[in-house]
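J.: I'd like to ask you about the structure that follows.
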Amino acid sequence: MQPFGDAWSQRHLAGVVLAGSVLSIVGSLYMILGFFFLRECRSFRHKLILGLAVSDLLLALNFFIPSLSMVTGREISSPWNEGFCSANGFLMQLFFAQIDVWQISIALITLLMLSGPSMVLKWIRENVWAVWLFPWLVSLIAAFFAFGFWDYANVGGFCWLGSRNIRLYFNYIPRWIIILVCLVIYIAVYRLILHARRRANIQKTYRGRASDRAPPQPVTTTAPATNPESEKVNPDEISSGNGSSSLDTSRSGSSTGFTQTVHDPAVAGQIQTAAERAQEEAEQQKQVRKIAIQMISYPLAYAVLWAIPTIVMIIQVARGGEGVSIHVEGLAKMLLVFNGFVDAHVYGFNERTAMGWRQRIRPAAQEDDEEAAGTSGGVHEVVSRPEPTLKNPNVWQQNMV
């Protein structure tokens, strides 16, 4: 028996799925168009994000078509639409699995890129097509496996695996395993970034202290004898901007003449350097916190996205399909459809896509955005370089956000 089988419930769930699919379509197109129209969004990592965006778009369209049919009065689970429902369920399983593979692939390749040059990384960079092919192969295997053993049916707004038990063990639990794996990977990514920053800061601090310890070089000048008339400052020199230097020079002289030795202001230089370092350390701590938030946002977004649907599914499995209201079921369906919309935020607004669109629409804001790029670029600023590596801290120091 299909869940919420009455006509009103089916149309209500279809409307929820339709609204969510439209938002996901917009989010997916936002990422795809950003890749083709924004030069800063064409790095190697953005090529991987493009693959994820394409899968998000196809999944959103696969939600959009059946939900629109149901809203307009067509019954996708009727006997004459059995083929349509089976195709819709097969594609649903295909793209859900494909997005899972894309998520963990992007996380693993990001970690690999931050770990330094390697033959594997070199091969991946030269064979992006293989990275694109891998999620399709894995998801096709999963979809055909499900198609061979289980039936697809209307689950409320779209077709998917008909059995809740199968959906729970074949889709929900593996997705949570992937979320946990991604969490561990991005924690490792954050530790690599933090370690590289510390190494760069240590080298910079060492160079700064070495320059502070260097003995000041005296500058010896001989001031000629002067008379009181020479201490008068010419007004023309003041108006031309040379008055202050003339004033200092004339006052430094003496009526008897002497050898003047001027040392570098070591104490003032050290105070200035300490203030600059304190400000720089505070800014770096702020940037590190932003990177930490960004690292946790990747897996956390999907954990939030799948938390309620998983809880609802567990309750329904435990109670034989009952136990939640139509509104809770609608919320769970909405979150399932939100993949493209969430990815647009996590991989778009969270990185440099939003700033790129702003620069394209408002070129006058480009200078301000370039100043803010150090805190808004996120991990993209690191992995978009040709060969970021821990073995060259200077590169990290220049390129880290």
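Positions of Cβ are set from backbone N, Cα and C atoms, glycine also.
According to Swiss-Prot, the protein has these features:
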- 239-257: compositional bias 'Low complexity' (COMPBIAS)
- 391-401: compositional bias 'Polar residues' (COMPBIAS)
- Cys85-Cys159: disulfide bond (DISULFID)
- 206-259: region 'Disordered' (REGION)
- 362-401: region 'Disordered' (REGION)
- 1-16: topological domain 'Extracellular' (TOPO_DOM)
- 38-47: topological domain 'Cytoplasmic' (TOPO_DOM)
- 69-93: topological domain 'Extracellular' (TOPO_DOM)
- 115-128: topological domain 'Cytoplasmic' (TOPO_DOM)
- 150-175: topological domain 'Extracellular' (TOPO_DOM)
- 197-294: topological domain 'Cytoplasmic' (TOPO_DOM)
- 316-321: topological domain 'Extracellular' (TOPO_DOM)
- 343-401: topological domain 'Cytoplasmic' (TOPO_DOM)
- 17-37: transmembrane segment (TRANSMEM)
- 48-68: transmembrane segment (TRANSMEM)
- 94-114: transmembrane segment (TRANSMEM)
- 129-149: transmembrane segment (TRANSMEM)
- 176-196: transmembrane segment (TRANSMEM)
- 295-315: transmembrane segment (TRANSMEM)
- 322-342: transmembrane segment (TRANSMEM)
J.: With Cβ-Cβ distance below 8 Å and at least 6 positions apart along the chain, what are the contacts of Cys85 (disulfide bond)? List them in sequence order.
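T.: Listed in sequence order: Pro66, Ile76, Ser77, Tyr152, Ala153, Asn154, Cys159.
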J.: When a 10 Å sphere is centred on the Cβ of Cys159 (disulfide bond), how many other Cβ atoms does it contain?
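T.: For Cys159 (disulfide bond), the count of other Cβ atoms within 10 Å is 27.
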J.: Counting a contact as 3 or more Cβ pairs under 8 Å, with residues at least 6 apart in sequence, do the transmembrane segment (129-149) and the transmembrane segment (17-37) touch?
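T.: Counting Cβ pairs under 8 Å (6 or more apart in sequence), the transmembrane segment (129-149) does not reach the transmembrane segment (17-37), since there are fewer than 3.
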J.: Six or more residues out from either end of the transmembrane segment (94-114), which same-chain residues have a Cβ under 8 Å from its Cβ atoms?
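T.: Counting only partners 6 or more residues beyond its ends, the transmembrane segment (94-114) has Cβ contacts under 8 Å with 44-45, 48-49, 51-52, 55-56, 58-59, 62, 120-121, 124, 131, 134-136, 138-140, 142-143, 171, 174-175, 178, 181-182, 185-186, 188-189, 192-193, 196, 298, 302, 339, 379, 382-383, 388, 390.
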J.: State the non-local partners of the transmembrane segment (322-342) in its own chain: residues 6+ outside its ends, Cβ under 8 Å from one of its Cβ atoms.
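T.: Long-range Cβ neighbours of the transmembrane segment (322-342): 3-4, 9, 12-13, 16-17, 19-21, 23-28, 53, 56-57, 59-60, 63, 99, 156-157, 301-302, 305-306, 308-309, 312-313, 315-316.
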J.: Counting by DSSP secondary structure, give me helix, strand and coil numbers for the topological domain 'Cytoplasmic' (38-47).
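T.: Grouping H, G, I as helix and E, B as strand yields 7 helix, 0 strand, 3 coil.
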J.: By Cβ distance under 8 Å, which residues at least 6 away from the ends of the topological domain 'Extracellular' (150-175) in the same chain are close to it?
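T.: Distal contacts: 2-4, 9-10, 13-14, 16-18, 62-63, 66-67, 70, 76-77, 85-86, 88-90, 92-93, 96-97, 100, 302, 306, 309-310, 313-314, 316-317, 321, 329, 333.
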J.: By a Cβ-Cβ criterion of under 8 Å, what residues six or more beyond either terminus of the topological domain 'Extracellular' (69-93) are in contact with it?
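T.: Distant Cβ neighbours of the topological domain 'Extracellular' (69-93) are 2, 10-11, 14-15, 18, 58-59, 62-63, 142-143, 146-147, 152-154, 157-161, 171.
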J.: Averaged over the topological domain 'Extracellular' (1-16), what pLDDT does the prediction give?
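T.: When the pLDDT values over the topological domain 'Extracellular' (1-16) are averaged, the result is 74.
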J.: Going by DSSP assignments with H, G and I as helix and E and B as strand, what are the residue counts for the topological domain 'Extracellular' (150-175)?
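T.: Across the topological domain 'Extracellular' (150-175), the residues distribute as 12 helix, 6 strand, 8 coil.
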J.: Within the topological domain 'Cytoplasmic' (115-128), how many residues are helix, strand or coil going by DSSP?
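T.: Taking each residue of the topological domain 'Cytoplasmic' (115-128) in turn, the totals are 9 helix, 0 strand, 5 coil.
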